[in-house]
């Protein structure tokens, strides 16, 4: 083959190579256009599923960024569960597959039984909706326990208990009774136990966002106050003693909870501490609440609930940092209710 023929073939080869490359580029561009057009014209774009799953993350980040007005973590890095810091749907997905039962202890002794109806009715609207709940009503007046329509998987268990002459004794004996019934009922019947005052009403959603190993609730009357103003027990003779300059928060005695084993440890320790105080002829300034604060000072809660979980609108109004009032104190005349 002479050189002229070789040059001719080489030129022809180069020409066809350019044609192939141009055609490939054209087809590649066309296929990309076709794929994009095909998906964009689909009534349910493939990108929708991605957007749907990413949206909660974006909402969580945005919500957390918005809560610059309140502390979101304790010094030991336990979460403080304000409105806007959790996604209810994601949490329900996590908990609903566990088949959990939540127990609630309520003490309706003497005239406090009059608060029971409102408590239970509002709980059925707002508390752990969609979950199994056992309401354990401790009372000396079982015939006065109201019959309330309940959601499926929820029930009221009435526990008849002794009355006491002083309201302080009723308050302090709660720790003893809760710890005793942990063995009799709670260990086998429920996964979490929430201990609440009866003279409250549910006003908004209270759900699984509050569940953890050990939970304490910030007292609304001391939120934002200096630690030196906390009404801890300051007498060293008492088992509830917390020295000045010590302590983290002031927790309320009317809302605490956690896994049953942890609540058992708490109530047992508080009851035993009160027995020691009694033998030493001293009574903590705020009774069981003082001992609760000492326990939570020594055994840090794994989750802290802010004052939106227990607020007194009549006394404290509605400050800007409080987006929701999940539970509210029911107005009452203490003199007419206590010791009656």
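Cβ atoms here come from the backbone N, Cα and C positions, even for glycine.
According to TrEMBL:
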- 289: active site, nucleophile (ACT_SITE)
- 107, 108, 109, 112, 197, 198, 199: UDP-N-acetyl-alpha-D-galactosamine binding site (BINDING)
- 197, 199: Mn(2+) binding site (BINDING)
- 16-36: transmembrane segment (TRANSMEM)
DSSP state at residue 108 (UDP-N-acetyl-alpha-D-galactosamine binding site), helix/strand/coil
coil
Which one of the binding-site residues (108, 109, 198) has its C-beta surrounded by the most other C-beta atoms within 10 angstroms?
108
Mind telling me which of the binding-site residues 107, 112 has the densest Cβ neighbourhood, counting other Cβ atoms within 10 Å?
107
Residue pair residue 107 (UDP-N-acetyl-alpha-D-galactosamine binding site), the residue listed as 'active site, nucleophile' - Cα distance, angstrom, rounded:
15
Beyond the site residues 107, 108, 109, 112, 197, 198, 199: chain residues whose C-beta lies within 8 Å of the centroid, for UDP-N-acetyl-alpha-D-galactosamine
106, 113, 115, 116
Could you measure the widest C-alpha to C-alpha distance across 107, 108, 109, 112, 197, 198, 199, the residues recorded as binding UDP-N-acetyl-alpha-D-galactosamine, and give it to a whole number of angstrom?
11
Could you tell me which of these recorded positions, 197, 289, has the greatest number of Cβ atoms within 10 Å of its own Cβ?
289
